[in-house]
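So that you can see what the record holds, here are the features copied from Swiss-Prot:
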- 3-6: motif 'CXXC metal binding motif 1' (MOTIF)
- 29-32: motif 'CXXC metal binding motif 2' (MOTIF)
- 87-90: motif 'CXXC metal binding motif 3' (MOTIF)
- 105-108: motif 'CXXC metal binding motif 4' (MOTIF)
- 145-180: domain 'UVR' (DOMAIN)
Amino acid sequence: MLCENCQLNEAELKVKVTSKNKTEEKMVCQTCAEGHHPWNQANEQPEYQEHQDNFEEAFVVKQILQHLATKHGINFQEVAFKEEKRCPSCHMTLKDIAHVGKFGCANCYATFKDDIIDIVRRVQGGQFEHVGKTPHSSHKKIALKRKIEEKNEYLKKLIEIQDFEEAAIVRDEIKALKAESEVQHDDA
């Protein structure tokens, strides 16, 4: 079977393309999948070719982001590509990352942190913490961790209003909770 994009090479990969409410499967050759074919915009930016080493994963990541954004009524193109911010290390933009399907280097995570958090929050309906199922053995640990975090926030507020006596009591409670947490960790 010939590649559905270039009609020149033998098709080797099956790619699912999702746009609006329509999912379409395409059979493409390795050349088209890797972005070396003229129909692919990545060919215009050869310095980013090194970031395209695992194309099947890249397609999957890109498709997941596009699907989730579309499902929740978000125009992924508009949200993701508002500005052309570049990573100081690898010089990739958010558009390049979405096109390739993965980050170019470790600094990309810090550079695009706010943009990615915004997209994930919109897709997840405002939730940024895991709220799904957890193993029963973890319930006590998670509850204890949350209690320590709440006490730390309360301690900061007490220090801000200079209620040092109450802050000392809360500090001691936090120490006790941390000790309890370490005991549970050692038992596990």
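Backbone N, Cα and C define each Cβ position, glycine as well.
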Worksheet item: Residues of the same chain, at least six outside the motif 'CXXC metal binding motif 2' (29-32), with any C-beta under 8 angstroms of its C-beta?
Response: 3, 5-6, 8-13, 39-40
Worksheet item: Averaged over the domain 'UVR' (145-180), what pLDDT does the prediction give?
Response: 94
